[in-house]
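These come from TrEMBL:
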TRANSMEM  20-42  transmembrane segment
TRANSMEM  49-68  transmembrane segment
BINDING   107, 136  UDP-alpha-D-glucose binding site
ACT_SITE  136  active site
BINDING   270, 294  Mn(2+) binding site
ACT_SITE  461  active site
TRANSMEM  568-587  transmembrane segment
TRANSMEM  614-635  transmembrane segment
TRANSMEM  672-695  transmembrane segment
TRANSMEM  701-721  transmembrane segment
TRANSMEM  733-753  transmembrane segment
């Protein structure tokens, strides 16, 4: 249903997706879990230690499901009407667009270029946009690619707007030939634009293997003798839209920045880069709204900026309360069923409470909120209250909070007071911008503490998000079709494991820092249910411990000859619980058009990532809390498909959206990530084999068919590891991992049978 109270046609509507049937299913599963716990408690004196361990694991699972039920209770998102924007708004507000990259090898410049080109070509007045690219790798190749891309943008942007192109990333748009008559104006323009893009791609590829151009131009002098972790601040205006009036042939500003880095100075990874982007953009354009995207997340919906403005500018809702607008993260190079289901059901669920969590990309922020404003600091008309004016606008306070740059302080005052920012020559701000990129600029200021993107976690997005919600702000979720942004997923098992570990580590860090929802739910302005939603996300890493134990319990009981599951009619609790959960999750997938195989792959990978990758996040955080080591931000490798076009048969939508679908095989390497999974499979196979040959201990209670079925289910869920034992190359488990896992499995069998 839709909620709106405006007498005029609204710019957006809040859509509720409540379902009493799904609530009943969630509560039924919760009731079955509680029944199982009750049975464990009533029969605990008759069983051994296994019963206690199972009870503790199932208590964790019950708590997690309680958190999930809380999240899914009142799902909602927003439907926008960008076509009404011009009728309701006389002048659209400016928007600064941020793109971050950190490694030209793992994040190829051609990917960055396509993302930038897609942003420059959105359906929004060019004189209201500015694109800032942060290069934490200080790569002259990235800068060279941006310079060449800005030249091509003068062809690409008018072409997109003239023909209302939907996909505005050239590498994806040119994968298919257009359906147009040969010799038509569109066909000629298409061929010409495609040739120019191929020239751009070739220039970037040639530059990747040669550096002769680096010495040929004075513009690259700043990059000489620099290292990715040791260089001075570089700020360059790649293209300036001087005197722009919003004509369709105009190209927005493009600015390249790379903050100073020194080996002995901690630079706070992406959060530090984002804060430098905020400062530089505040000096040059100071737009009230800011969009940030990862370097691989190109614009897939040309009206994406207008959609977000519908949320911010809607007068029927209190727009001052909306701090940011988040879009789902979708991907073009793989069938990411799990992420789609999570975003639709859990993402909408969180959005129905206090608003979605900031996901690190595809998000529009309000500059005033990022400058530390709380909801209580605003009056009824959205302007600063008298108390907030004295608090924030005192010169001494501003210098202490934002740094000792007078130009920066002035831009902050203008932003807080919502004053329009006059157009000026961007190059006039270069000297001040470089000063604000120095390593020591943030020293003894509030950057990363209360202002901007928050530090103290490798998942700066969610850390910043809970900080915003804790100040009383709400956020909004738009789930458009087609997806607003599309990116690329890490290819192969090792890269995915690295990414999952980084996420789980960063989230677990927040659970133990000052932003923890355990603190916020009692003494901050964040809503109680929103705190529980954050708690669900932050506890990802901790879930690895009970899941690992539960994967080993059936094997232990089978070898030890002890009971894990209830006997007789009470076994029906387990069977009903597993059956309903499988059917429920299968329905969620098939309801979105995914196959049974996609559902199985998701269930399998869910167990693999939890026990193999998230497990290491617990160790990372423990070592950090003990002061032994610091957590590290590792950039995941991005790849892009080749640009091809042909006259063959028309491709399906799935082939167009996911051109690089892999074979479904799981990749392995010699890292420790794959040791737990291999160990789990070997242990359960050994238990099944031991049961068949009568190799069992003398435990009490006696194991039976239920425990054997549990072992079989675990092996099915870890089937990629079983296949990996018989594969070779990157799809096979290395012998070193197999030998370690075999030794641990043999030790496990001996201890289980001997006890």
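Every residue, even glycine, has its Cβ placed from backbone N, Cα and C.
Nobody curates TrEMBL annotations by hand; they come from automatic prediction.
Values in this document were obtained by computation on a predicted structure and should not be read as measured data.
Shown on the structure are the features that TrEMBL records.
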residue: 107; record: UDP-alpha-D-glucose binding site; contacts (Cβ under 8 Å, 6+ apart): 101, 295, 296, 635, 637, 638
residue: 136; record: UDP-alpha-D-glucose binding site; contacts (Cβ under 8 Å, 6+ apart): 100, 101, 102, 103, 228, 258, 259, 261, 267, 269, 270, 273
residue: 294; record: Mn(2+) binding site; contacts (Cβ under 8 Å, 6+ apart): 99, 100, 115, 360, 361, 487
residue: 461; record: active site; contacts (Cβ under 8 Å, 6+ apart): 357, 358, 359, 360, 361, 363
> How about the transmembrane segment (672-695) and the transmembrane segment (20-42): do they have 3 or more C-beta pairs under 8 A, pairs 6 or more apart in sequence?
Replying inline: no
> If you count Cβ atoms within 10 Å of the Cβ of residue 270 (Mn(2+) binding site), leaving out that atom itself, what do you get?
Replying inline: 22
> What parts of the chain pack near the transmembrane segment (20-42), using Cβ distances under 8 Å and only residues at least 6 beyond its ends?
Replying inline: 51, 54-55, 58-59, 61-62, 65-66, 68-69, 72-73, 566, 570, 573-574, 576-577, 580-581, 584
